[in-house]
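Feature list (source: Swiss-Prot):
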BINDING   125-132, 225-229, 294-297  GTP binding site
DOMAIN    115-387  domain 'Dynamin-type G'
DOMAIN    623-711  domain 'GED'
REGION    125-132  region 'G1 motif'
REGION    225-228  region 'G3 motif'
REGION    294-297  region 'G4 motif'
REGION    326-329  region 'G5 motif'
Amino acid sequence: MSKAHGSRPYRRHNVVIPRQQPEKEMNFVQQQPPPSDAAARQMMYPPNCQVGVQDPVYLAKEFNLLTLNPQQLEGSRHQQMAKGPEKSLYSQYEQKVRPCIDLVDSLRALGVEQDLALPAIAVIGDQSSGKSSVLEALSGVALPRGSGIVTRCPLVLKLKRDPHKAWRGRISYRKTELQFQDPSQVEKEIRQAQNIIAGQGLGISHELISLEITSPEVPDLTLIDLPGITRVAVGNQPQDIGVQIKALIKNYIQKQETINLVVVPCNVDIATTEALSMAQEVDPNGDRTIGVLTKPDLVDRGTEKTVVNVAQNLTYHLQKGYMIVRCRGQEEITNQLSLAEATEKERMFFQTHPYFRALLEEGKATVPCLAERLTKELILHINKSLPLLEKQIRESHQRATDELHQCGDSIPSNEADKMFFLIEKIKLFNQDIDKLIEGEEIVKKNETRLYNKIREEFEHWALVLTANTQKVKNIVSEEVSVYEKQYRGKELLGFVNYKTFETIVHQYIEQLVEPALTMLRKTIEIVWQAFTDTAKKHFSVFSNLSQTIQNKIEDIKTRQAETAENLIRLQFRMEQLVYCQDQIYSVVLRKVRKEVFNPAGKAAQDLQLKFPFPKDLPSMSSNDEIGVHLNAYFLETSKRLANQIPFIIQYFVLQENGSCLQKAMMQILQEREQYSWLLQEHADTSAKRRFLKEKIYRLAQARRALYMFFS
């Protein structure tokens, strides 16, 4: 044991980067500039993938390379002593560690985490929990320390073990990247980065700082250090600093892809720690939570058994359990105790402690054991997450591509190209208007074609005509009696007073005018909405062009509506003439008379009237005769109006309206000096297009990285 924990405490627990991993390719992916429009379309798909063809699944064939379960990993330690490193199971595991972590790190560097959650280990803890000491012990470098909030931005700590190279570090944030060879520079550079990002005060920021450390002494591991939890604002801190920090932490730990590393001091009641409460809130079963107990040397005498119970998962159960570590105290830091010496001192502490020795024997104590455990957990977590991640990247890439398609192409700068661009836009718009007019437009599920909406109005018009004729049937006897008493002259019984008939016809024809105009107005609105929606679909990103077209739609609608209304009113004025061809009217009249004289026969059809007559009279009264004529005339008039009014509306409101709009669109092309003005985009549209192109680019690179990893 002592030999394993010498001056290079992690060497036994860490791995060699396999030379065959595509590190150069990963770097190449990260260094490429965002592509042009044409290049972006090419980069949206991995090699050998075709647009429109179902995406290949890259994971199934090679994914078993990572399927090492925890028992295999644990057992590999003992096998390593008996077998050569190349043949041991643990050696196989080592060959997979660095590529897996590098893959996720490269995806994070590409910015994929803006779109999707990546597998990660997030480190959280209350202030003064010993979180910084744990990270220092793992990384081998001094991190910002002090009272109050020292971690003010999320810090991505990438640890890479390379036994063949000297220590080197790299810090990157925003557009800054610094490299250094002295570990003592780390604390200063982190503080400077935090001041630039979060300001000189005590505020915090969600913006990431990335610190990469390559050394023979560090484990292969990536952690995300989050600000320590505070309850009360101190000094110049914002009053809601506690709320801000909790919101930042929750943003990370609530993701299912995140393992939560909760740092808790041994000398406090574990049930009262805010960090563990937050972890339990987002992970009630503790499936994603690992507890790290710190400061075991500060526990009160007599409470050691309580600490052991916690470490053995008997007090506050977590599915992944607990680890316990002893890091450098403030006095040891002041005395410049090296991390290697601290590791040896830690080992001796646990080895000689009467209570905590058992935890060391169980592999639950010391920083080196923690490092090995975290590396193992991260690899298994990546293994578990990659299939879903590949699917999410593919689906997100497709959604972004579809959104970019809806935004349309970028506007050309050349005037001639602008003309062709506008011609194409107008051509596509006119084609869609044609489809609306012909009833051939493509509709989504639960949507209705324009023609069907108009047809519903026409069907309602037929019902109005039926109701009007039924009204005549219901009151004709009463009204004819009134007219006969007022207007009958010297005619004998049975002679029809034509004036009475004509007056009733005029009255009930007039009642149809307003329903016909109502149908016209509703149809106008239906067509206007369809044309407007089509214009928005094609031109919504161009505010000036969109407004110009909307004005044309309104103007043409008004003209066609006025023409249609005038023709409808003219039609009803003509209906006041009371006319029907003799040949047609005689047939209808004969049919009605037959039904009247045969009341026990076939039931009358729609728009037909039937009147009772005394069976002992061979002829009808004048009232009855007028009723028969009204029935016959309204039968024929209703047929005429049922077709004629919809004809007028359909022709002027749909056909002529659409045709005039298409011609007006072509006239826009004559205004060449207006092209630049017409094609001005909304500011947010160009920003959205730029954002989507960048998103598609990084997701395409992520897909390429996954493809290269599994190929």
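Yeah, the Cβs are placed from backbone N, Cα and C, and that goes for glycine too.
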In the same chain, who gets a Cβ under 8 Å from the region 'G3 motif' (225-228) while lying at least 6 residues past its ends?
-> 122-129, 131, 135, 143, 149-155, 157, 204, 245, 248-249, 252
In chain order, residues whose C-beta lies under 8 angstroms from the C-beta of I229 (GTP binding site), counting only those at least six residues away in the same chain, are I124, G125, D126, Q127, G242, I245, K246, I249, E274, A275, M278
The number of other Cβ atoms within 10 Å of the Cβ of G125 (GTP binding site), counted over all protein chains shown, is 28
DSSP residue counts for the region 'G4 motif' (294-297), split into helix, strand and coil = 2 helix, 1 strand, 1 coil
When the region 'G1 motif' (125-132) is classified with DSSP, how many of its residues are helical, how many are strand and how many are coil?
-> 2 helix, 2 strand, 4 coil
Taking helix as H, G and I and strand as E and B in DSSP, count the residues of the region 'G5 motif' (326-329) in helix, strand and coil.
-> 0 helix, 0 strand, 4 coil
Could you tell me how many residues in the domain 'GED' (623-711) are helical, how many are strand and how many are coil under DSSP?
-> 81 helix, 1 strand, 7 coil
L226 (GTP binding site): secondary structure state under DSSP, collapsed to three categories | coil
Integer mean pLDDT for the region 'G5 motif' (326-329) = 87
Within the chain of L226 (GTP binding site), which residues six or more apart in sequence place their C-beta under 8 angstroms from its C-beta?
-> A122, V123, I124, T151, P154, L248, I249, Y252
